[in-house]
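Participant: There's a structure below that I have some questions on.
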Ligand code: KG4
Ligand code: ZN
């Protein structure tokens, strides 16, 4: 096995994206993503069984497409990497089963890895992107926000030392966007819709609550998030207008809601950087597409003297390349492969980087 610049195929199926990525060390060769998002649209959120079935249908074609795009043969691979968790159990099982089958059939080692740490690993694959030549420095704080997770991590070393500082105690931030979009009569996925609707709105029109930000909460849940109270507050505000026969100012509600989410995410992320003396913040997850989040992140980190890193969006949303990148780093660091007894672990703690 090439341990200096390993050729790794990564499989990601923790939610609704079937991601197959191929990397050589930190060089991205292909990033194939098949999403079942449209199939979930009429339910307003990801339906686990529908996601698992879609992975089953998409996996083999996605592997063929990724291999063709990378211009390699499966037999050239040094290893297979796969998301073992956290995520939807049934969805994870499809990827884990496929990865094991591939590894056994090809006689290649397998690395079962943590999805959240994979999001951090995505930053290594910045070929052609801004700061591509500047390696990720440690320690770094990572803020991961998607439809499935909202987590704040302290990463001292990608392959050996990742600590969970805080996470959402109820809805994920992306989920809140999806639910509020529904309240406003906007389609799924709600994030891009709210982003668009908010463009002409006033973010100060309505003061929506910032979850877990009161002094009492900051003592107990300093780095945790909560978005269900915010969602309820938006629902109540909209209902009151509707009951009074008034039109709902969608742009103002969207802008004010978006401001509440983005404000609390960045307040807590910057607080973690300052408290822990870590002048680096890395963002990941689909919600990073949010225009206001990107602008405010730039503003707040500049003001606090924190270096901000945002991987290209195609690597921020769930993908197989980030899993392959993490697998490659484990190999480069000399870690042994996983044994085939591992399974899908829907609640895998972030400190377990490899299973
Ligand atoms: O990382 P991702 O693609 O995967 C899963 O969570 O599965 O994230 C999807 C989430 C959805 O909840 C979507 O509404 C949200 O990211 N999202 C956004 C934006 N674009 C996508 N949220 C806010 N603003 C956006 N522009
Ligand atoms: Zn994710």
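Glycine is no exception: its Cβ is also placed from the backbone N, Cα and C atoms.
As annotated by TrEMBL, domain 'Gcp-like' applies to 28-324. Among the features that TrEMBL reports, Fe cation binding site is placed at 115, 119, 318. Per TrEMBL, substrate binding site is recorded for 144, 145, 146, 147, 148, 178, 191, 195, 290.
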Participant: Can you grab the distance from residue 119 (Fe cation binding site) over to residue 144 (substrate binding site)? Cα atoms, rounded to a whole Å.
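Facilitator: A Cα-Cα distance of 7 Å.
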Participant: Among the binding-site residues 148, 191, whose Cβ has the fewest other Cβ atoms within 10 Å?
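Facilitator: Output over binding-site residues 148, 191: least Cβ neighbours within 10 Å is 148.
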Participant: Determine the binding-site residues, out of 144, 191, 290, lying near ligand 2 in the sense that the CB is under 6 Å from one of its atoms, and give them in sequence order.
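Facilitator: Correct list: empty, so none.
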Participant: What's the number of neighbouring CB atoms sitting within 10 A of the CB on residue 318 (Fe cation binding site)?
Facilitator: 29
Participant: Report, in whole Å, the straight Cα-to-Cα distance of residue 191 (substrate binding site) from residue 318 (Fe cation binding site).
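Facilitator: About 15 Å separates the two Cα atoms.
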Participant: When you measure from each Cβ to the nearest atom of ligand 1, which of the binding-site residues 115, 119, 144, 191 fall under 6 angstroms?
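Facilitator: Among the binding-site residues listed, those whose Cβ sits under 6 Å from ligand 1 are 191.
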Participant: Fewest neighbouring Cβ atoms within 10 Å: which of the binding-site residues 115, 119?
Facilitator: 115
Participant: How many whole Å apart are the CA atoms of residue 146 (substrate binding site) and residue 115 (Fe cation binding site)?
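Facilitator: Pair distance, Cα basis, whole Å: 12 Å.
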